[in-house]
Amino acid sequence: MAKRDYYEVLGVNKNASDAEIKKAYRRMAQKFHPDRNPGDEESAERFKEVKEAYEVLSDAQKRAAYDQFGHAGVDPSAGGGPRGYGGGAGPGGPDFSDIFSDVFGDIFGSGGGRGGGRSRAFRGADLRYTLELSLEDAVRGTEEQIQVPTHVECDACKGSGSRAGSKPQTCPTCKGHGDVRVQQGFFSIQQTCPRCGGEGTMVTDPCPKCRGRGRVEDRKTLNVRIPAGVDTGDRIRLSGEGEPGERGGPPGDLYVQVAVREHEFFERDGADLHCQVPVDIVTAALGGEVEVPTLDGRVNLRIPPGTQPNQVFRLRGKGVKPVRGNRQGDLLCRIHVETPVNLTKRQRELLEEFQATLQDTGGKHHPHTSSWLDKVKRFIEEWRI
C-alpha cells in the first residue's frame, strides 16, 4: 500500500515551520502512543507512521529531498518517480539525473532551473470505518449501507481554493517557478519552494466556503457487501473509496473494520460457538431433553442421566463456517445445573427424605463429593502427625 504524504500524516501544511512540525508530532504521538492504546494494532501502525514522518520532516536535508522528490527522495525502495507521479524511474530505483543537474547547474552556467510551477500529484489518504454487525449477519453475510465522512471538491471554487472572480497569484518567493535555489557551500541546490509548496502560485483571496483548501467535508453513501463468516477484526478493502487525490492524484482506499456485537446466547471462538444451557436438577439426575437455540433454529439436546455441572455437549456442524476455510464449526453447550429456590414446605420435606436415602447408600451417588471428603480427611490426619 502506498505511503501517505508526511505532511498529511502530521496534519500540517507544506509551509509549516520546524516548531509547528514538532508541536504536531508531539500531539499525534501522544494520541497514538501504544501505552495509551494497548492492543490496538491500528493505533500502533499510526504511531509508526507519525514517527517516520517526523524523522524526515524534522531533518532539514531530508525534508528538502522529500519536498523535491517525494518518498523516493528519502527512501529509494519506495518506488515511483521523483516527481510524485508514480513514473519516471527505471526498475533499479529513482532517476537521480535531476539531482545532478540541479547541483551543477549554476556552477557550469546551465542557468534557469526547470521553470514554471509544477503540480505534484498526491494520492488521497486511506479512510477507516468501523462497521458493527450482529452475529447472525456476520455468520450469514449481508449488505450494509454506510455513510463515510470524507472530503470532496469545493463546488464554490471548483477546487481552486480562490474566491469566485479571483485567481491564485504568482508566488513572490519563487516568482512562479515552484523552485528556489539554496546555496550550500560551493553548490547551489534547487529545491521546492517552501512558501507555495512547488505550485508557483498562492491563494491570496481564499474561497469563503472551503477557506482556500479547495475541498470541503462531506459524507458519501456506499453499499458494502459483507461476506459470510467474518469476525471482529476482519477488514474489507474498498479500492478507490478513500479520500480523493490532490492535483490529479489517485484516490485512497477505504478499509471497513468489522466489529461483531455481543450476542444474547452465543460466544464465538473461531469457527465454534459456545452457549450456556440451564438444566434443572431433576433432569440432570434422571436425564431428558432440553431445547437449545442455534443459528438455524431450535434443536433438542439430549441430557444423559447423571449429567454434572459444566459438562459440555457438542452439536456438530451448528457453528460457523469462517471466511477462510471449509470446516463448519460446532456448537458447544455447557450445562449449568440450577439449584431450586423458593421451595414449599412439602418440597423441602421431600428433599430431606431424599438426602436421607443417599446417606444410607454410602455416598456412591456422589463420587466427586466422596472423593473430596476422603482427601480432606487424609489431609487433616497427616497434618496432625
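Count begins at 1; order follows the chain as displayed.
From the backbone N, Cα and C atoms, a Cβ is placed for every residue, glycine too.
Quick look at what Swiss-Prot lists:
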- Cys154, Cys157, Cys207, Cys210: Zn(2+) 1 binding site (BINDING)
- Cys171, Cys174, Cys193, Cys196: Zn(2+) 2 binding site (BINDING)
- 232-246: compositional bias 'Basic and acidic residues' (COMPBIAS)
- 5-70: domain 'J' (DOMAIN)
- 232-251: region 'Disordered' (REGION)
- 154-161: repeat 'CXXCXGXG motif' (REPEAT)
- 171-178: repeat 'CXXCXGXG motif' (REPEAT)
- 193-200: repeat 'CXXCXGXG motif' (REPEAT)
- 207-214: repeat 'CXXCXGXG motif' (REPEAT)
- 141-219: zinc finger (ZN_FING)
Stretch among 171-178, 193-200, 207-214 sharing the most Cβ pairs under 8 Å with the repeat 'CXXCXGXG motif' (154-161): 207-214
Nearest-integer angstrom distance between the alpha carbons (Cα) of Cys210 (Zn(2+) 1 binding site) and Cys196 (Zn(2+) 2 binding site): 18
Cα separation, Cys207 (Zn(2+) 1 binding site) to Cys171 (Zn(2+) 2 binding site) (Å, whole number): 18
Distance, Cys207 (Zn(2+) 1 binding site) to Cys196 (Zn(2+) 2 binding site) (CA atoms, angstrom): 17
Rounded distance in angstrom between the Cα atoms of Cys207 (Zn(2+) 1 binding site) and Cys174 (Zn(2+) 2 binding site): 23
Cβ-Cβ distance under 8 Å to Cys154 (Zn(2+) 1 binding site), same chain, at least six residues away: Gly161, Cys207, Lys209, Cys210, Arg213, Gly214, Arg215, Val216
Three-state composition of the repeat 'CXXCXGXG motif' (207-214), taking helix and strand from DSSP: 0 helix, 0 strand, 8 coil
Neighbours of Cys154, Cys157, Cys207, Cys210 excl. site residues, C-beta within 8 Å of centre, Zn(2+) 1: Asp155, Ala156, Lys158, Gly159, Ser160, Gly161, Ser162, Pro206, Pro208, Lys209, Arg211, Gly212, Arg213, Gly214, Arg215, Val216
Counts of helix, strand and coil residues, the region 'Disordered' (232-251), according to DSSP: 0 helix, 5 strand, 15 coil
